[in-house]
Amino acid sequence: MANLGCWMLVLFVATWSDLGLCKKRPKPGGWNTGGSRYPGQGSPGGNRYPPQGGGGWGQPHGGGWGQPHGGGWGQPHGGGWGQPHGGGWGQGGGTHSQWNKPSKPKTSMKHMAGAAAAGAVVGGLGGYMLGSAMSRPLIHFGNDYEDRYYRENMYRYPNQVYYRPVDQYSNQNNFVHDCVNITIKQHTVTTTTKGENFTETDVKMMERVVEQMCITQYEKESQAYYQRGSSMVLFSSPPVILLISFLIFLIVG
């Protein structure tokens, strides 16, 4: 880890040193220097975007920007944006006044999906989060009747689990036990309110299905937890701290 931090330090020092030198180099074509900040003005080639109507940019009587008598931006008598007498946007005389009304905010489906994938905290459940949707596992129960019953009714069983952060549990068994209990309880209550009841066979199968999904959720959350811990260790190492301090010095200086 220390070797990695040292190599990162060397790489960023070389990069930012070059950028720091570039920032200190004088720029040609400054104010009152030989070069022009806007090549094309005052040269034989003319401006890349010549003004229309005979007037220069920002000059009166020729359609300049922000000046009267020429249809400038935001000025009367010339059809400016948002002003009367000229059919501006959102004002009298225009044909598109409704365009000035603010549009209603729309909920992004990507944001909703991202919240579900990351594990959204469920209100009223004491800090439990709802995991992302999973494919229901293929489970064999030991006899043809239950196997067939499961295949025909698996759509009635949960495909998401409720869980708490893994750092609140001492081991996987405690996480899975709590995850199974709260998930089956919530799913049963929700389904019962819709007028559907579960048999003992349904409960038995739900326990097996939810247990497999809770194990999968634990493995996923544990991996993410250890990755976050590794990142914290990396950024707390002395070489990385020195690197960050040096970058701040270059940016401020």
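Note: Cβ is positioned from N, Cα and C throughout, glycine not excepted.
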Requested in this report: With Cys179 as one half of a disulfide in Swiss-Prot, pick the other half from Cys22, Cys214.
Outcome: Cys214
Report task. Would you count the other C-beta atoms found within 10 angstroms of the C-beta of Asn181 (N-linked glycosylation site) for me? Result -> 14
Query raised in the report: When you measure from the Cβ of Asn197 (N-linked glycosylation site), how many other Cβ atoms are you left with inside 10 Å?
Result: 8
Query - Local backbone state of Asn181 (N-linked glycosylation site), from DSSP in three classes - result: helix
Report summary line: The rounded CA-CA distance in Å from Asn197 (N-linked glycosylation site) to Asn181 (N-linked glycosylation site) is 17
